[in-house]
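A.B. asks: Positions annotated as Zn(2+) 1 binding site by Swiss-Prot, on the basis of similarity to another entry: C47, H68, C175. Among the features that Swiss-Prot reports, Zn(2+) 2 binding site is placed at C98, C101, C104, C112. The annotation NAD(+) binding site is assigned in Swiss-Prot to G200, L201, G202, G203, V204, G205, D224, K229, V293, G294, V295, R370. Annotation comment: Swiss-Prot describes S2 as N-acetylserine, evidence class similarity to another entry. Feature annotation from Swiss-Prot assigns N6-succinyllysine to K234, K340.
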Amino acid sequence: MSTAGKVIKCKAAVLWQLNKPFSIEEVEVAPPKAHEVRIKMVATGICRSDDHAVTGSIAVPLPVILGHEAAGIVESIGEGVTTVKPGDKVIPLFTPQCGKCRICKHPESNFCLINDLGKPKGMLLDGTSRFTCKGKPIHHFIGTSTFSQYTVVDEIAVAKIDAAAPLEKVCLIGCGFSTGYGSAVKVAKVTPGSTCAVFGLGGVGLSVIMGCKAAGASRIIAVDINKDKFPKAKEVGATECINPQDYKKPIQEVIQEISDGGVDFSFEVIGRLDTVVAALLSCHGACGTSVIVGVPPDSQSLTVNPMLLLSGRTWKGAIFGGFKSKDSVPKLVADFMAKKFSLDPLITNVLPFEKINEGFDLLRSGKSIRTILTF
């Protein structure tokens, strides 16, 4: 029996208050309006950015359905939708691609102006929500809200992918893998034979290492205070691993000493101000590039001596690995299907969706790289 055009009642993980567990609730998901798509979720990853929203490090209006790294199947479409149809396998895009704004038309940038990241409204483009719980509207999260059996997204925020793709793996292309991999190959533009340092060895950090390796880096130094993460870092391409706690001097001085004055490319994949500076200082003062990948705490500032850049360093950042989402996600899935990279090393835990709080406990304890929730 078709559900198209009807309200769907389903389970979703609702965050009612900051720093509280998710509550599995029955929610009502309204049909998609014009240029919107309703998706039946199949798998969603738990990303550190979701936890940043739980703690308030990323500001979000409450109550909210979080989740942004996922894959599913189109259940129904609103009027005027042309890029997907019911039954298509898709990945929602937290960085949309409208194709019309100044940024979408820019050859190098991808941060579409129609995003809900900077000052989130928690609504779809028409300013309203498709979620209701206990008679109250529930906010969307960066246009995706994948911690729900069904979600509604704007057409500019969804990409059709290969019908044969395993959704419980390629969901990582919706955020973590692409963010890390693209930071190396597209944002930093790592060169063959170069030296790299990667701060933070979670799922995104490991994806940065995979990107550095794919780009031909000859030396990849992995940095983390959790040495349990070192074997996996080496498995995906790190040539050496160092723990800042093993040294009396600052880690940037250690890296400068072992890399002839600094690496060619450094990446901060944690989201801490002290490591952002350490990563910047770890790249060579005259020719190094440092990329901010991790999401830093909202409304915190940094004091940096401009002389650090005057000598020739480059300091940059990007959302979603610099990839134009609607164009790039299908290609990344095709590359995965062609075995150009593996996502298996990133997936450490698979849990049923109802165990979402357990999945977040694994993330916070450092015991998982990526936990996938299946519906």
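Cβ coordinates are placed from backbone N, Cα and C, and glycine is handled just like the others.
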A.B. asks: Per DSSP, to which secondary structure element type does V204 (NAD(+) binding site) belong, with helix, strand and coil as the options?
C.D. replies: helix
A.B. asks: Of the binding-site residues listed here (C98, G202, V204, D224, V295), which is spatially closest to K340 (N6-succinyllysine) when Cα positions are compared?
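C.D. replies: Nearest by Cα distance to K340 (N6-succinyllysine): V204.
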A.B. asks: Using the CB centroid of C47, H68, C175 as the Zn(2+) 1 site centre, which other residues of the same chain sit with their CB within 8 A?
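C.D. replies: Neighbours found: G45, S49, D50, G67, E69, A70, F94, T144, G174, G176.
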A.B. asks: Could you tell me which of these recorded positions, H68, K234, K340, has the fewest other Cβ atoms within 10 Å of its Cβ?
C.D. replies: K340
A.B. asks: Count the Cβ atoms, other than its own, that fall within 10 Å of the Cβ of C104 (Zn(2+) 2 binding site), considering every protein chain shown.
C.D. replies: 21
A.B. asks: Hey, for the Zn(2+) 2 site built from C98, C101, C104, C112, who else sits with CB inside 8 A of the CB center?
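C.D. replies: Filtered neighbour residues, in order: P96, Q97, G99, K100, R102, I103, K105, L113, I114, I156.
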A.B. asks: Let's check the environment of V295 (NAD(+) binding site): how many other CB atoms sit within 10 Å of its CB?
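C.D. replies: V295 (NAD(+) binding site) is surrounded by 20 other Cβ atoms within 10 Å.
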A.B. asks: Among the recorded positions listed here (C47, C98, C104, C175, K234), which has the Cα closest to the Cα of G202 (NAD(+) binding site)?
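C.D. replies: Considering only the listed recorded positions, the nearest one is C47.
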